[in-house]
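Trainee: First the structure, which I've put down as structure tokens, then a few questions once you've had a look.
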């Protein structure tokens, strides 16, 4: 039985284009949608099981990538955006009309400061980097997912070619650890 991981993953992965130059994200509002323009492709696109990321209705995971904040601009209806949790490291900017998260920005000192987190599924353009891995997989249990089905979740990710982690993937965890060591002058 197939689990509803995410609409963009449920039928396998669509490969992105190495030459993709970006596009527009739009919230789900039928009139006056918030529009965010991305002037490039994302990196480190991944399925995320954390409790903070926005997920489409019925999905167990979100799919989220990062892009330099200089390549992100709100191009329509910015007045509808609000920050979901101002105390969070990632300031998730969501639409007050439909609740969709358009981008997350880190304003405080952090290893990923300068990168914005975005959901490319909100774009009608094709060519975005495909998901590379699944992160924070066990976190879905904290949101009510049945722990006895975790092997099935991991098997389904494996069947579409994605490794699963209960944090980020090793290169990103290495980047965080390197940043932390540098700050501590180790």
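Sequential numbering from 1, following the chain as shown.
The backbone N, Cα and C atoms fix where each Cβ goes, and this holds for glycine too.
According to Swiss-Prot:
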{"type": "DOMAIN", "residues": "20-166", "note": "domain 'CENP-V/GFA'"}
{"type": "BINDING", "residues": "27, 29, 95, 98", "note": "Zn(2+) 1 binding site"}
{"type": "BINDING", "residues": "48, 50, 53", "note": "Zn(2+) 2 binding site"}
Trainee: How far is it from residue 50 (Zn(2+) 2 binding site) to residue 27 (Zn(2+) 1 binding site), counting Cα to Cα, in Å?
Mentor: 21
Trainee: Within 10 Å of each Cβ, count the other Cβ atoms, then let me know which of the binding-site residues 27, 98 comes out lowest.
Mentor: 98
Trainee: So if I draw a 10 Å sphere around the Cβ of residue 95 (Zn(2+) 1 binding site), how many other Cβ atoms end up inside it?
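Mentor: Other Cβ atoms within 10 Å of residue 95 (Zn(2+) 1 binding site): 21.
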Trainee: DSSP-wise, what's the residue breakdown of the domain 'CENP-V/GFA' (20-166) into helix, strand and coil?
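Mentor: Its residues divide into 29 helix, 49 strand, 69 coil.
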Trainee: Would you count the other CB atoms within 10 A of the CB of residue 53 (Zn(2+) 2 binding site), including those on all shown protein chains?
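Mentor: Other Cβ atoms within 10 Å of residue 53 (Zn(2+) 2 binding site): 21.
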Trainee: Rounded to the nearest Å, what's the C-alpha distance separating residue 95 (Zn(2+) 1 binding site) and residue 48 (Zn(2+) 2 binding site)? Just drop the number here, would you?
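Mentor: Given the Cα positions, residue 95 (Zn(2+) 1 binding site) is 20 Å from residue 48 (Zn(2+) 2 binding site).
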Trainee: May I have the list of same-chain residues other than 27, 29, 95, 98 whose Cβ is within 8 Å of the Cβ centroid of the recorded Zn(2+) 1 site, in sequence order?
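Mentor: Near the Zn(2+) 1 site, the remaining chain residues are 26, 28, 33, 34, 80, 96, 97, 99, 100.
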Trainee: Rounded to a whole number, how many Å is the Cα of residue 98 (Zn(2+) 1 binding site) away from the Cα of residue 53 (Zn(2+) 2 binding site)?
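Mentor: Computed Cα spacing between residue 98 (Zn(2+) 1 binding site) and residue 53 (Zn(2+) 2 binding site) is 15 Å.
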Trainee: For residue 50 (Zn(2+) 2 binding site), list the number of other Cβ atoms lying within 10 Å of its Cβ atom.
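Mentor: Summing over all protein chains shown, residue 50 (Zn(2+) 2 binding site) has 17 other Cβ atoms within 10 Å.
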Trainee: Rounded to the nearest Å, what's the C-alpha distance separating residue 48 (Zn(2+) 2 binding site) and residue 29 (Zn(2+) 1 binding site)? Just drop the number here, would you?
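Mentor: Here the two Cα atoms are 24 Å apart.
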